[in-house]
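Sharing the record's features from TrEMBL:
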REGION    1-50  region 'Disordered'
COMPBIAS  30-48  compositional bias 'Acidic residues'
DOMAIN    209-339  domain 'Nrap protein'
DOMAIN    349-487  domain 'Nrap protein'
DOMAIN    491-650  domain 'Nrap protein'
DOMAIN    675-874  domain 'Nrap protein'
DOMAIN    878-1032  domain 'Nrap protein'
DOMAIN    1034-1164  domain 'Nrap protein'
Amino acid sequence: MKIPYKANINDSLNHSGNLAFENDHHSNDEIDEDKDYENEESEEDEEMEKIKDINKGGNLLLVSDKKRRKVTNDSTDILLKKKRKLDNDLYKPPTAEELNQLRETENLFHSNLFRLQIDEMLNAVRFKDKYKNLFDIWFKKFKGTIESIEETEEYELSDEELGKKLNMHIPMLNVPKVAKGIFKFLKPTDISIIGSYVFEAAVGSNITVDILIEMPAKMFQKQDYLNYRYIKKKMIYLAYIASNITDDIAESKRFMNDTLKPVLKIVPSGKLGTKINVLIHISAQEGSFRLSRFLPEKNNVRPQWFFGETKNITENFVPTPHYNSIILRDLVMKIHAENMKIIREYPNIRDGIILLKIWLTQRELLKGYAAFNGHIITMLILYLLSIKKLNTFMSSYQIVRNVWNYLIHIDWCESGVSTNQNEESKDRILKYHEYYDCVFLDSTGYYNITTDLSKATYRWVQKEAELSLNHLDNAHANSFQSLFMRKVPFYMAFDHFVWFKGAKMLRNLVNINSSDKDKLDYGPNYRAQAIKILCNTLKGGLANRVHQICVLPNKSSEWKCTGNNCDDIGKIFIGLELNPEYCFNIVDKGPEANLPEAIEFRNFWGEKSELRRFQDGTTREAVVWSKGKTLSGKRLICKKIVIFLLRKKLGIPKNKFVYIAGEMEELLQLQKVKITHFTYGTGEEAALRVINVFNQLEKDLMSLTDIPLSIHGVQGSSAVFRYTDVFPPLATIYRPDNQLIKKSKKGLTLSRNITEAPKYVCPLDVSLQLSTSGKWPDELEALRNTKAAFHIQIAECLRKQYKLTAEPNFSHIDVYKDGFVFRLRVAHSKEVSCLKQQITEDGVIQYKDNEKSIELENKLFELPKLTSALHGLHNQQPSFGLACCLAKRWLSAQLLDNSHMPDIVVELLIASMYLIPAPYRPPQMPQIAFLRLLESFARGHWNTDPVIVNFNNEMSKDEIIAVETLFGSSRDSLPPLFISTPYDQQRSLWTKKAPSTLILNRITMLARQCIKLYEHQFFTKVLLDFKPLFRPPLTEYDCLIYLKPCMVPRRLQAIDVNDSCPIVEWHPYKHHSAQKIPIVGFDPVQHFLEDLRNGYDEFALFFHDTYGGTVIGVLLRPSALEIKDLKVSNISGRKCNNNNELALNISAIIQDFYVLGKGLVEAIDVRSKKFSLT
């Protein structure tokens, strides 16, 4: 019976969709990752390179297929004629075609640039015509082979020797033995190409082509739809075809999917196999069974057969909607294949489908079991055409935009849709909602295209569509890259993750917790049942703490045609998107004790539930998860809840799953340090304590009375005021021990001969703004003397008025308050002007930026502004500060300290990710933000994109365009990393000196390796250890300077602290009348590094881990190793060789290192073979 198609598309189109054969329904653009592509032709490589070079930030490089002619100087006349012709062409009126294209761009695309980017990408991913011709030849041969297979005699399905009799291997079906039915191989009634390849929407360097082989209706008996008989016959039919495919047709052949929906994957022999994979689908001839037999409320698996007589079944005909859909999918497959052919006539629709597939692929949502696959996308496009939400005149961009808009506003989980517009089909939707999470009926009105799509996955797609549409509408960003070019890996898209391993454990979970109805319906599909149990349990316990609980669609399993089917459960990866409003709450409030709901609450939480009285006067059931002493502890409350739910509700022990959340934060905890009466955590509480003390000091300073000019502005500029100090200072009292530290009249001083570095005390920089006055001197020296006088007077006032310990200096004041040392500096803009002042030979005064003026302006004015902005960003996004700490800790651990990659630059890069987070949402976990920074480093986009940090959208669109224009026109004269903020839009103040191109390339390489390592651990490791990401490779340095650990004041901040180190006790601060200002900023390692860089920067680069590193890596510059002529200008650091030329005096330089580091350097290891010490 042919099903009439009722939908109307543009009054004439009457076809609806793609078909369910694309990778679980397998997507036609599925890429075989195991394939070796080393033999690809150079022209294909060029095409794939195009997609990498598609415009970044407005600098689109269009690659021409035609070679430009080389211009010579042989004929000036010819050149002049060509120039005149070019000039004339330049000012020619536009042609009708060009005007039409411009009009189309204006009406149909986001922008001209966006259109160019889309066109370039589509050209790069399309399948080449020459391979289409090869495939046509191969398909003809394949079809002939299948049609030549001889028919067999009849065999009983229950015959255990059937495989041997047919000389093939039949995959096992994990259900009770099929007792009834016969099998006889009959020649297929049809062999045809289906899927995206038909309408040229298959994309990728290795595409997948779907082929449909139709089993004749004569093969089936009346009730073969019952008890897996049809599925058993289909499996045998496919296996028999596989056994008859010869080596000249297929280079390899494997089964895919699971045993309920088996597919045969073929790699064609010869050159074609490097470009195409073929998936063989088996369907039943139209009319084999009535479609109404497979309505979701029908039962087609008899409980007595499935469970046996031992099971007490109260309901004889339990609905089996998912089993029914498996057979129904095959019955409508050919109808769908015919419906989708209409797409070939409309290139824009095809291109829109390709763009949506790319969009979903980048978000890991297109492929795998229960994915939002290409079949669903194609059917959705045709449905929207039928209801006139789309039309055939729309551009591909408009189609994508409208599809996103539709997904955002239409909820298939609550109100499904049907491509068949008759009333009976519409009425059927409500019934389908009783059995499926999502409902989207096809043109027959019977098959639910979204049978396997969970509510969570649909919500995931909805959120991604909303995020993409918002980013597309953001006038301040170029959205093409984040929408289509950048990957959004699962392990960066969510905040917490939990994955389950062990097929045996998951089967036991299903056997114990799955209902009889689900066991009957899903049959051997343990994965679907396990996911349903796990997600429902987690939703019940986490409630409003999470926005989403999503499962990563797993890759389709494959197994040899001669072997048993592999484990079809696989690993289950679940991602949690935290709700920042509730996820850190330490208490779950339940209903009031006298309400009936309280019993349900107690039953769910069991022993964890207790009665508590709250501040509003109510007595409620409640669950307390943490004491809430640290923010790092609050971030892991969801982890505690999940572990409790899995253990108590499902009986899953901790060693059967892996929970990933915040493991890297351990690297920010203090080791071998015992702090009394204070919980340190990851330093956030320490930073907050510093800020609270600073706020009090600010009030004290603003209320000083005995100074000529009042203080009207106090701004901190140290990293701790931005919550980005890797190890914030701790308040304590510093006492002399008469060995390392002695007491003097002014304060504490260092002993003459020390054998161990004392505790490092970090001064906290603060800028003071005084009220305006016209009496400030105009000369630099006089102005600085005036500032020094203010320093003395302010210190005196603090001592008298607030009894604070204060020590004035010429350039600053050190104030000791509540255990912290604040370094105050009076800031006046006139000092910067004086430094800029230059007098020309003509006596004219000019003001020009120079190194000193820029440094002072940054220190006293620009950095406090940034500190205020970044402090505000942290208040909006609490994970920002710790994400910066992790990033700076990683860079320093790779021996890239502040001189190579300035800390403030790292903070600005992370700030840019929070201000424009696309293609992600802002993370709630610092670890995820850090990984996204690594991904940004790994892309190495510095040369093509400026980094715009637009705080509070203070920069207008025109200002951003001006920055991008400057970047495009003056790229060579700008720093390798260009950062624009509202306070220095076109100057990139913070990257003028560093990082260099060499350092950026190094960071890119390190980031790529770290992401690979993290990804490997995430998906494969049972025990996670992320410390290797923070251990630097030392093999590339020419020599290593080993420092004495006892002389490294921050040695307890190292990644790997020696177990033999004694525990250091850190006592809380208590005010004492005789307290002295401690030794501030004494770090002999930093002083040594400064000497090395000042004296030997011409010859080498020096690398060190600021936080406890005991190794300095030395990398000699290539220019230093060059042989120089014997000249006075070249003699520094060199010696004469046998040829009277100057070579680098390595041995003398190393000896200098020993002398400079006397008492600090333990040994120097020369590792390079590029030079000799002799």
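For all residues, glycine too, the Cβ spot is worked out from N, Cα and C.
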Thinking of Cβ pairs under 8 Å, which stretch from 209-339, 675-874, 878-1032, 1034-1164 has the most of them with the domain 'Nrap protein' (491-650)?
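Comparing 209-339, 675-874, 878-1032, 1034-1164 against the domain 'Nrap protein' (491-650), the winner is 209-339.
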Considering only Cβ pairs within less than 8 angstroms, which of the stretches 349-487, 878-1032, 1034-1164 has the most against the domain 'Nrap protein' (209-339)?
349-487
Provide the three-state DSSP residue tally for the domain 'Nrap protein' (1034-1164): helix first, then strand, then coil.
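Helix, strand and coil residues of the domain 'Nrap protein' (1034-1164) number 37 helix, 30 strand, 64 coil.
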In the domain 'Nrap protein' (209-339), how many residues does DSSP put in helix, strand and coil?
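The breakdown for the domain 'Nrap protein' (209-339) reads 50 helix, 29 strand, 52 coil.
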Summarise the model confidence on the domain 'Nrap protein' (675-874) as a single mean pLDDT, whole number.
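Within the domain 'Nrap protein' (675-874), the model's average pLDDT equals 90.
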Write out how many residues of the domain 'Nrap protein' (349-487) are helix, how many strand and how many coil, based on DSSP.
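Summed over the domain 'Nrap protein' (349-487), the classes give 76 helix, 5 strand, 58 coil.
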